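Undergrad: Following this message is one structure expressed as structure tokens.
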Amino acid sequence: MGQQESMSVRVLDPVTTSPGLWQSMIAVLRRDLRLSVRQKQDLLNPLLFFVMVVALFPLGVSPESDFLREAGAGILWVGALLATLLSLDHLFRFDYEDGTLEQMALQPQPLFVLVLAKTLAHWLVTGLPLVILTPMLGMMLFLDGNSVAVLCLTLLIGTPVLSLIGSVGAALTVGLRAGGVLLSLLVIPLYIPVLIFGTGTVMAAAGGSDVSGHLALMAAILVLALVLAPLAAAVALKISLSAS
Amino acid sequence: MWQFFHKLGSPKWFYGIAGRFMPWLLGFGLLLALAGIVWGLAFAPRDYLQGNSYRIIFIHVPTAFLAQSVYMMMAVAGVITLVWKMKLADVFVRAAAPVGAILTVLALFTGAVWGKPTWGTWWIWDARLTSMLILLFLYLGIIGLAHAYSDEKTAARAVAVLAVVGVVNIPIIKYSVEWWNTLHQPATFKLTEKPTMVPEMWVPLLLAVLGTYLLFGWAALYRMQTEVLRRERRTRWVKELIAAGGGSQLKSRGA
Amino acid sequence: MTEPLQHADHLLRAEALECERDGRTLFSDLSFSIVPGTLTRVEGPNGSGKTTLLRILAGLNDNWSGQVYWCGEPRQRHWDQVRRNVLYLGHRPGIKMLLTPLENLQALVAGRQYVPDNILTQALEQVGLGPWTQVPCSQLSAGQKRRVALARLLFADEPVWLLDEAFTALDVDAVAAVERLLEDRVRQGGAVVMTTHHEPALKGMRRIRLGAAGEPESVAHAVGEGG
């Protein structure tokens, strides 16, 4: 019955093709990197924060080389953790406020794939620069060459985990006006294992033991976070969008 | 399946069933917990190593046990909220979170009280106490998030996600903290190493644990009933209930 | 069980939609279908749930009960297809201030359809942004930003468009141009569902009327205080 009617008017057939996952991920990555380059302050702030937090320890506790050598790895790890935390609130907030997030959620690709691309962009502009700065700060804290190398390795594996876990917290609080403090409260407990393994690995290396096993353990955590965090963040984003 | 779950999740049905279970839970819970604690504190034999101070385990162990199980239960309820959107599951999460947080605080406090005679200091970065502290952080995060959203449904689902994420992390946290502990302070007396217990010690402990579980069941149901009444305040069955003089929660809360 | 084919002439069908927000029922028992070649305006006073209804249709809002069908089948079975075939433009349409109009369109379209840059530039020229394609959107006026978002409609291939307050901040000429565009679209067999503040001059417009204080009213009532 309805078929004959629809013959008389023109009907647009549903579209069946859409761009692939890689294309859509690259588009998200490119847009976010472009935005970071144009918003240089956002790029610099976590780095400056990192340097300043690290500088507080010699000033606030002791400039003795013995203390700094022992505490250096912990100081740098805590500094990197806090700097990441500081940048997390912006991960989805701007996209949420200008409607970009809605458009992403409505793309035919699964949202977690796009979230993964966004998290990767976040790591490239915050986590990676922190790792690059670490050798210099490590020297300033009197860490020896081997410790600095291991520290950089742990941060290289660990900072993506920080971004990934953080993406879940950011997604849960993006709809809240004062989400920043709550975000820290949610995320810090989840950061503890990475922090422990990161600093523990450096200490083990300083004690002269082989750390390949430790690094493999951290890599396992990274893989777990890569698989699970984008899924959880995507669910959380849909919940936040649903409420707006 | 859907229909079944919705019937199971019907607030009115739940209110009735919960009301029937609660006196039993409260009665048996009090009986078992008191029996266990009194037996443990007053009649169980002294520990040859720690003397009488070990007796705090009759409170510490049940609270610590329960604090961890409550988080697991919340995560299970979280999955139910997310997958089947069953209202009662999120009512449970809301009701259980503060109870769990209080239990964690109690476990930490009794741990500190135990620590004083054992280690000579109130706080020590022992693996188990540290894990409990992190568990408390997780609870506080859940409570904070639950109260941050004005919309109940959003709050419920956001909290459900957080509880599930937390539960995935708990084993990793526990493992990392134990590892960290061996790294920093090897071979002192640890709470984790339970002395071999004679039946006169573990039977009252078991009673106390069972009793606190039942008491938690009662507290959770009571709080859930209150929450159900609040959410359903505009429905006919709640109004009829009030007219009939039922709903003790309403009176005690002055709502 | 497969649905009988006759139903496929509905692109979207909503059955017994009910939505509650902050303990208030926005609408209940709301049923309607979105058919190819039609334009539907969602009407109702402020706070009656117009935007919420569009977001439910788009699949952004989950806090509702009822059922939505896509081409005769429950929507949740074909989510990727539905997302590909429904274009939603909210009143915050995802325009980044730091990007140029061209970059914005590139980013917005990349995951949906392949559109070469010259078509995007053409679309921007058609909406009167020719000289501004390389300027960050922060330097554009509110109306111009809205035009960037609406430029998508010039090449969008989705059969269903959901437009929330599409005419906001546009001048009279631009409004008329968009109205012509929508009429063309409907003639081609597309379906448009929209909310607007002003009464659009569009022929054969269908209406979904939402009630004031959450009181549900039946669909397709006369125009009232809408807007």
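Heads up, the Cβ atoms here are built off N, Cα and C, so glycines get one too.
Note that the coordinates shown come from a computational prediction; the quantities given were computed from them, not determined experimentally.
Under the heading transmembrane segment, TrEMBL lists A:43-61, A:73-92, A:112-142, A:148-174, A:181-203, A:215-237.
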Undergrad: Within this structure, do the transmembrane segment (A:43-61) and the transmembrane segment (A:215-237) have 3 or more Cβ pairs under 8 angstroms, counting pairs 6 or more apart in sequence?
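TA: Counting Cβ pairs under 8 Å, fewer than 3, so no.
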Undergrad: Applying the under-8 angstroms CB criterion, which one of A:43-61, A:73-92, A:112-142, A:181-203 scores highest with the transmembrane segment (A:148-174)?
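TA: Stretch with maximum Cβ contacts: A:112-142.
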Undergrad: Please give the sequence-distant neighbours of the transmembrane segment (A:112-142): residues at least 6 beyond its ends with Cβ less than 8 Å from one of its Cβ atoms.
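TA: Cβ under 8 Å, 6 or more out: 21, 24-26, 28-29, 32-33, 36, 42-43, 46-47, 50-51, 54, 57-58, 65, 68-69, 71-72, 75-76, 79-80, 83-84, 87, 91-92, 95, 104, 148, 151-152, 155-156, 159-160, 162-164, 167, 171, 226, 229-231, 233-234, 237.
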Undergrad: Report, as numbers and ranges, every residue of the chain located at least six residues beyond the transmembrane segment (A:43-61) whose Cβ falls under 8 Å of a Cβ in that stretch; write 'none' if there are none.
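TA: Beyond its ends, the transmembrane segment (A:43-61) has Cβ neighbours at 36-37, 67-68, 71, 75-76, 78-80, 82-84, 86-87, 125-126, 129-130, 133, 137, 140-141.
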